[in-house]
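If you check TrEMBL, you get these features:
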type	residues	note
BINDING	Ala29, Gly30, Ala31, Gly32, Thr33, Gly34, Lys35, Thr36	ATP binding site
DOMAIN	8-288	domain 'UvrD-like helicase ATP-binding'
DOMAIN	286-526	domain 'UvrD-like helicase C-terminal'
Amino acid sequence: MHPEHLLDGLDDRQREAAEALHGPVCILAGAGTGKTRAITHRIAYGVATGAYDPARVMALTFTTKAAGEMRSRLAALGAGAVQTRTFHSAALSQLSYFWPRTLGTPTPELIRAKVPLIADAAAQLGERFDTATLRDLAGDIEWRKSRALTVEQYAAQAGERALAERLGVDRVVDLHGAYERIKDDRRQMDFEDVLLATAGMIAREPDVAQWVREQYRHFTVDEYQDASPAQTNLLELWLGRRVDVCVVGDPNQTIYSFAGADRASLSRFQSDHPGTRVVQLVRNYRSQSRVLDAANALTHGSDRAPLEATHPAGEPVRLEEAETDAAEGARIAERIRELLARGAAPADIAVLVRFHAQGAPIVQAVRAEGIGIVTEGSAPFFELQVVRKLILAFRAAPAEDRPLFQQVVDLARDAGWSSNPPPGRGEEREQWDAVQSIVNMAEEAGEGTTLAAFAQSLTQMAEAEQQPRVDAVTLATLHAAKGLEWKHVVIAGLSEGILPISYATSEAAVAEERRLFYVGVTRARTSLTLTRSLSSGGSPRKASRFLAPLQDALEPVPKRAVRR
């Protein structure tokens with residue numbers, strides 16, 4: 001592909017970003033502005049023009065799924081040799097290589113969960129906690145280490161942490177210390193240690209630093225607003241004194257402060273790297289203009305330019321109110337039924353909630369309508385037993401000179417599937433939906449695809465954490481929805497105590513809740529519906545303060561009797 005063709009189809013701001021091949025570069029990309037397109041074309045353009053050696057380019061992001069998507073896009077643009085990794089996978093690869101060569105001992109064992117170790121640490125101190133508190137302690141340890149704080153440094157500011165306030169500062173600090181001692185005694189490390197140990201090794205070992213910096217010359221970091229101090233410190237060590245780095249992010253989508261993310265990382269990058277070229281992407285290609293009116297109202301007064309619509313105005317943003325949580329669930333089910341009657345597919349619709357417990361009455365009401373609904377972030381598709389068994393059957397089947405679709409249907413029937421879905425909802429229907437998704441993929445596969453190749457493609461999807469499209473409505477938390485989009489979005493629970501959540505008491509915490517709501521609003525392409533219940537357990541609920549700036553963009557829906 002001729003290098004200039006890689007710039008075709010980019011808007012003027014995206015093209016500016018793609019042509020800024022040498023850093024430092026900071027791309028401030030609003031929701032739906034095509035940031036992934038801009039940065040993948042930038043990397044591919046650098047490779048095609050000879051400015052970059054693809055083997056010396058590192059593209060970094062924060063989830064395996066996002067890395068897989070970026071890798072696929074780069075391969076399609078002729079830059080498949082570029083290393084596309086998460087921070088943790090890149091660091092773990094380097095640590096596994098250099099630890100035994102530098103220290104002469106095996107790399108410590110990586111633990112997958114902190115809770116069992118924390119329970120042992122508590123027992124060592126004569127303490128015992130329930131599972132919820134152990135998980136809170138795990139989150140607190142993750143926050144400390146993501147902020148690159150030692151136990152001693154944490155102790156100096158633990159009084160500001162909600163968990164330390166609840167359990168006592170000395171008690172929590174002692175638990176942090178005991179956790180670290182037991183982990184070290186067992187020669188184990190957690191995910192945060194991977195970043196900290198890699199950074200420490202590069203900082204202390206000149207030979208390691210030289211190798212890493214010669215191997216990777218150009219860095220691109222997506223979703224930089226989610227970067228923690230541990231990650232930004234490691235990035236600076238990878239760079240050394242070089243400046244060929246491009247960071248991409250949106251401060252209005254910083255929603256992981258509880259896990260150590262630092263909203264100031266984007267502005268600090270610019271001050272830490274004098275001469276940074278800043279490119280702002282503001283043209284939104286996702287949402288109709290009335291949805292953007294709501295999004296812009298939420299960020300009014302920030303230092304970011306408002307999003308610019310490229311789609312005409314559609315239907316107004318709706319606000320639906322119901323008396324109780326159960327009635328709210330029923331109203332949401334009615335709204336979904338209306339959308340389906342107008343021709344929407346179930347997979348085009350998402351219901352977003354602040355926390356999982358909100359979902360129960362919604363799922364019940366939607367399923368009562370005979371509509372399928374799946375939870376984003378529940379058991380991954382490829383971990384479902386029925387899916388794993390079917391892929392094993394594909395691998396074991398002898399080669400046949402028959403169309404792929406016929407072979408897949410026969411093996412699915414052998415596993416108990418039928419072309420007619422079971423009545424009602426529940427586990428049986430969810431398993432049927434999963435197998436049906438595989439059957440659909442087989443039907444859409446290219447002519448001549450063998451069963452072995454199809455099984456391999458499914459395995460690659462599982463490794464990249466790519467989920468196949470299931471024809472059902474999605475229920476997701478606002479956090480889980482980040483990076484996704486749907487034609488029609490319903491956001492439930494627009495009441496004080498839910499959004500913002502009750503424990504968001506500081507100004508910073510409420511600001512993060514507002515950004516979380518903004519993330520939810522900007523997931524919608526065609527329609528956005530907001531819902532709330534007026535009471536809970538007989539007590540009235542106040543409307544969320546986040547509705548106030550949206551009044552000009554909202555169309556209240558008259559109260560109506562819930563269909564039974």
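Start at 1 and count along the chain as shown; that gives each residue its number.
In case you wondered, yes, glycine gets a Cβ from its N, Cα and C as well.
Nobody curates TrEMBL annotations by hand; they come from automatic prediction.
For Thr36 (ATP binding site), applying a Cβ distance below 8 Å and a minimum sequence separation of six or more within one chain yields Glu69, Met70, Arg73, Asp222.
The average pLDDT for the domain 'UvrD-like helicase C-terminal' (286-526) in the predicted structure is 86.
Cβ-based crowding with a 10 Å cutoff singles out Ala29 as the top-ranked of the binding-site residues Ala29, Ala31. Sequence-distant contacts of Thr33 (ATP binding site), defined by Cβ-Cβ distance under 8 angstroms and a gap of at least six in the same chain, are Arg13, Leu281, Val282, Arg283, Asn284, Tyr285, Leu307.
According to its DSSP assignment, Ala29 (ATP binding site) is in a strand. With the fewest other C-beta atoms within 10 Å around its C-beta, Lys35 stands out among the binding-site residues Gly30, Gly32, Lys35.
Every protein chain considered, the tally of other Cβ atoms within 10 Å of the Cβ of Gly34 (ATP binding site) stands at 21. Shown in sequence order, Ala38, Asp250, Leu281, Asn284, Tyr285, Arg286 are the same-chain residues outside Ala29, Gly30, Ala31, Gly32, Thr33, Gly34, Lys35, Thr36 whose Cβ sits within 8 Å of the Cβ centre of the ATP site.
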